[in-house]
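The block underneath contains the structure these notes are about, expressed in structure tokens.
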Amino acid sequence: MVSKKLLLLPGDGIGPEAMAEVRKIIAYMNAELESGFELDEGLVGGSAYDAHGLAISEADMAKALASDAVLFGAVGGPKWDSVPYDLRPEAGLLRLRKDMELFANLRPAICYPALADSSSLKKEIVEGLDILIVRELTGGVYFGEPKEIRDLGNGQKRGIDTQVYDTYEIERISGVAFELARTRGNKVTSMEKRNVMKSGVLWNEVVTATHKAKYADVTLEHMLADAGGMQLVRWPKQFDVIVTDNLFGDMLSDIAAMLTGSLGMLPSASLGAPDARTGSRKALYEPVHGSAPDIAGTGAANPIAMIASFAMCLRYSFNMVVEADRLEAAIAGVLDDGIRTADIMSEGKTRVGTTEMGDAILAKFKALAA
Ligand code: IPM
Ligand code: MG
């Protein structure tokens with residue numbers, strides 16, 4: 001029996017509301033499909049700070065490290081704006097990524113046919129879009145040292161962040177991108193800023209060498225990251241897999257999200273290296289959207305990104321490909337039926353809240369299993 005220990009970290013804002021819809025799906029899968037998920041729960045972000053004075057407690061960190069997969073909601077909100085920097089809600093997420101060594105962040109941007117009209121871009125530009133951003137997640141300027149505000153003693157201060165990448169970090173993230181490209185459109189676009197950054201020069205060299213050594217069957221192209229942002233809104237369908245560093249990946253994936261109609265649609269998977277003995281990877285799944293404090297508690301949040309993140313969990317952590325396909329088909333089916341949360345609402349469609357959207361997806365998921 002494969003163990004299926006899931007740790008739920010709903011977090012703040014709309015995180016718990018979105019997570020509640022995933023819980024319903026898991027309850028159904030355990031009861032009717034004998035999926036055997038063992039659930040545990042913890043606190044992260046502002047809710048952890050309120051309870052323990054930390055963005056994540058040591059006990060919850062230990063649970064995360066012992067789980068087969070973590071499902072993460074969202075963190076942050078104005079309530080914690082004046083919390084000390086090291087204890088801010090986002091620190092909980094960054095610690096999970098770093099301590100679980102989740103270096104590969106997969107952010108698929110798929111435009112469901114039913115939503116081609118919801119994007120701020122023209123329909124023909126986004127219709128049928130299916131790209132994957134592979135973002136490096138444990139290095140770069142997010143974690144590089146020194147990282148500080150230095151007092152220069154002359155009335156001036158200096159803010160310092162350090163962009164740093166080692167060969168092995170670029171090799172392993174580009175390896176993930178090439179492997180995934182082989183299962184899709186067989187093309188990788190690497191994005192950096194080699195025209196101004198030494199880390200970009202190295203990034204470009206190492207991606208090129210990795211390609212030559214092991215993945216010459218995959219088409220590789222290089223693009224400066226600013227041009228890449230422009231091309232993403234000009235003609236996004238030219239891309240298949242984009243591989244890029246932590247900070248560029250953060251920005252480019254928000255752009256990609258809007259191509260799909262709403263930030264509320266985009267799931268993500270953050271994966272570690274496969275264990276040498278068991279082959280299993282540490283993993284955390286989270287929607288790309290944030291905690292959306294402005295709509296938290298109103299029942300209006302879109303749970304699709306959270307549910308689609310659980311579908312990625314089924315696929316990547318448990319190899320439950322049939323169920324993952326079915327859950328993704330259930331989401332597409334509900335959208336085809338014209339059911340919409342406020343963020344993706346358009347004329348003539350049926351507007352629903354978070355729980356109705358979750359119920360509709362679960363009903364479709366059940367019907368597809370029958
Ligand atoms: C993301 C978020 C995070 C990031 C924040 C919440 C720290 O924007 O996952 O894209 O910057 O990585
Ligand atoms: Mg972001």
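Keep in mind that glycine also has a Cβ here, set from the backbone N, Cα and C atoms.
The feature NAD(+) binding site is assigned by TrEMBL to 77-90, 290-302. Secondary structure at Ala296 (NAD(+) binding site), as computed by DSSP, is coil. Over all protein chains present, the Cβ of Ala296 (NAD(+) binding site) has 18 other Cβ atoms lying within 10 Å.
Feature annotation from TrEMBL assigns substrate binding site to Arg97, Arg107, Arg135, Asp226. Classification of Arg107 (substrate binding site) by DSSP places it within a strand.
According to DSSP, Asp250 (Mg(2+) binding site) is assigned to a helical segment. Same-chain residues at least 6 positions away in sequence with a Cβ under 8 Å from that of Asp250 (Mg(2+) binding site) are, in sequence order, Arg135. If you look up TrEMBL, you'll see Asp226, Asp250, Asp254 marked as Mg(2+) binding site.
According to TrEMBL, the domain 'Isopropylmalate dehydrogenase-like' annotation covers 5-361.
Per TrEMBL, the feature site 'Important for catalysis' maps to Tyr142 (among others). Under the DSSP three-state reduction, Tyr142 (site 'Important for catalysis') is assigned to helix.
TrEMBL lists Lys193 (among others) with the feature site 'Important for catalysis'. Sequence-distant contacts of Lys193 (site 'Important for catalysis'), defined by Cβ-Cβ distance under 8 angstroms and a gap of at least six in the same chain, are Gly200, Leu224, Ala225, Asp226, Phe248.
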Quiz item: Out of Gly77, Tyr85, Tyr142, Ala292, which of these recorded positions is nearest Arg97 (substrate binding site) by C-alpha distance?
Solution: Tyr142
Practice problem: Compute the C-alpha separation of Ala296 (NAD(+) binding site) from Asp254 (Mg(2+) binding site), stating it in Å without decimals. | Solution: 20
Practice problem: Using C-alpha atoms only, work out the spacing between Gly77 (NAD(+) binding site) and Asp254 (Mg(2+) binding site) and round it to an integer in Å. | Solution: 19
Exercise. Please report the number of other Cβ atoms within 10 Å of the Cβ of Asp254 (Mg(2+) binding site).
Key: 14
